[in-house]
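Student: One structure is given below, represented as structure tokens, and several questions about it will come after.
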Amino acid sequence: MTPEQFRNWRKANGWKQKELAARLGLKRRMIQYYERGDRDGKPVEIPKTVRLACYAIACGVEEFDGRTVEWSMPGEPEPAPVQDDEDDDEED
């Protein structure tokens, strides 16, 4: 995601920088850096975690606790819960 794509995505959703920062759990200044693509003259890359969080928001995910997803879009089917198989990491 380029700085321009990031800015266009935010604007297409009608969010102010402060609103998107709150959704992503970031400071507004970080949103500004990501949209400009630099910080104090040095390039700033949008981290993969932020790009994935943007994707989750775009898909309607409002909350994720590691097991279940809280969807914002009504009528969307919820994914199957993560199964808790305690022996997944053990070798046979």
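Backbone N, Cα and C define each Cβ position, glycine as well.
What TrEMBL shows for this protein is this:
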COMPBIAS  83-92  compositional bias 'Acidic residues'
DOMAIN    6-39  domain 'HTH cro/C1-type'
REGION    69-92  region 'Disordered'
Student: Please list the DSSP helix, strand and coil residue counts for the domain 'HTH cro/C1-type' (6-39).
Tutor: 24 helix, 2 strand, 8 coil
Student: Looking only at the domain 'HTH cro/C1-type' (6-39), what is the model's average confidence as pLDDT?
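Tutor: The predicted confidence over the domain 'HTH cro/C1-type' (6-39), as a mean pLDDT, is 95.
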